[in-house]
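Colleague: Encoded as structure tokens, here's the structure I'll be asking about.
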Amino acid sequence: MGSQTSDLWPAPLASTAVDADVRVPGSKSITNRALLLAALADGPSVVGEPLRARDTSLMVGALQALGTRIEEAPEGWRVSPGPLRGPGAVDCGLAGTVMRFVPPVAVLAQGDIDFDGDPRARQRPMGPILDALRDLGGTIDDGGRNALPFTVRGAGSMPGGKVEMDASSSSQFVSALLLAGARYDDGVTVHHVGKPVPSLPHIEMTVGMLRERGVQVDDGDPHTWRVKPGAVRALDTEVEPDLSNAAPFLAAGLVTGGRVRVLGWPETTSQPGDLLREIFGLMGAHVRVDSEGLTLRGPDTIAGVDLDLHDVSELTPVIAAVAALATEPSHLRGIAHIRGHETDRLAALASELNRLGGDVRETDDGLEIRPRPLRGADFRTYHDHRMAHAGAVLGLVVPGVRIEDIATTSKTLPDFTGMWTSMLNREAAA
Ligand SMILES: O=C(O)C1=C[C@@H](OP(=O)(O)O)[C@@H](O)[C@H](O)C1
Ligand SMILES: C=C(OP(=O)(O)O)C(=O)O
């Protein structure tokens, strides 16, 4: 990969301060939860304004493989639940939300469901969720790998009950059990044991979306979540813009000292990307939300930050890119688990920022970034959409950055290059 020139995208340099309105498509995390809950619901519903990207197509394909009908509707996708059944095959691609969220549904199907994904997907942590499903009464044949590929031998129902699980390597293990748990005979009680669970806002998103659909969830005790058995009510919804995918566009305003407005920023949200307001504010940006959206105005110089990103770890690549352009050192902490994301993001960020002449050191649980003048080079992305976003941000101000496999952005933003170019041409990127 990356050895051929055709794989390299010359990242556009910003000739002036960016000044643009941007519309980002729907949230990956909300779209895939809404689809899955619609497939488990007591009637048909519409997922409006969904994200249409690789991760959400994979979720659609997975649910269809289990017997759900999903069709185009004027507002988005109409989901008609059917009896869950195998045999079937699920391609997880590199989507954490598919490989973690769908097996707890597959145990409810009648028949065998085979799961596999991209080569890197086979290395992403799966053990805790597979063990938990077995403890709750499911049968999974993984050849002793505790990882993809595996077969869920669906029995048509699932006992459920109480389970202990170490979710320190991904919050998605907890979300996965909660999302399907209402359909288990005894519901589900998940008790986390181990180092702190990362990305807690994503678990809060899961709990909120379950409650919106009438599912009773008790999250009052520390490290414990209880879902009562019962129906998941069908609900027509509209997906919010993906605030994590807004990160590179806002960063463009920040690093060029320009202005970027992300249209339709929700007033209240469970998305961790909302924390960008605070984080980019600490880095010197002026940020304001009004009825139109969020407007960021970039500073003359970028401040260094010392941040624990445990709760918002998917924002790390773009924050690291901005930190490399600051006037002071930064320390990003609490993110050991992102070594298990699309790639080992700590290793990838250190290696690519240093390839551009940066001075970045990996720590056990984060990165130390000491800004240095950067120079153009080929920026590797390791099949990671957010590495590509980081490279594009750097390329705005560092001449000669070429990004390997920019198409990897299709995981969550198929038209990333179109949106990026429109932003630089001062048009609203729709
Ligand atoms: O539940 C979700 O939709 C997600 C949870 C988080 O996973 P981790 O807890 O593995 O970081 C996040 O990083 C990922 O992008 C999406
Ligand atoms: C970690 C991420 O994705 P996934 O849902 O595949 O875990 C991400 O999008 O940053």
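Here, residue 1 is simply the first one shown, and the rest follow in order.
Cβ coordinates come from backbone N, Cα and C, glycine included.
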Colleague: Please pick, from Lys228, Lys411, the residue that TrEMBL records in the phosphoenolpyruvate site together with Lys28, Gly96, Arg124, Gln172, Arg345, Arg386.
Modeller: Lys411
Colleague: Near His341 (3-phosphoshikimate binding site), how many other Cβ atoms are within 10 Å of its Cβ?
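Modeller: There are 23 such Cβ atoms around His341 (3-phosphoshikimate binding site).
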Colleague: In whole Å, how far is Gln172 (phosphoenolpyruvate binding site) from Arg33 (3-phosphoshikimate binding site) when you measure between their Cα atoms?
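Modeller: About 11 Å separates the two Cα atoms.
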Colleague: Counting distance between Cα atoms, which of the recorded positions Ser171, Ser199, Glu314 is nearest Arg345 (phosphoenolpyruvate binding site)?
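Modeller: Comparing Cα positions, the candidate nearest Arg345 (phosphoenolpyruvate binding site) turns out to be Glu314.
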Colleague: Among the binding-site residues Arg33, Arg124, Arg345, Arg386, which residue has the largest number of other Cβ atoms within 10 Å of its own Cβ?
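Modeller: Comparing the binding-site residues Arg33, Arg124, Arg345, Arg386, the most crowded Cβ belongs to Arg386.
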Colleague: Tell me, in order along the sequence, which binding-site residues from Lys28, Gly96, Arg124, Gln172, Lys411 have their CA within 10 Å of His341 (3-phosphoshikimate binding site).
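Modeller: So the list reads Gly96, Arg124.
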Colleague: At the Cα level, what's the spacing in Å between Arg124 (phosphoenolpyruvate binding site) and Ser171 (3-phosphoshikimate binding site), rounded?
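Modeller: Computed Cα spacing between Arg124 (phosphoenolpyruvate binding site) and Ser171 (3-phosphoshikimate binding site) is 13 Å.
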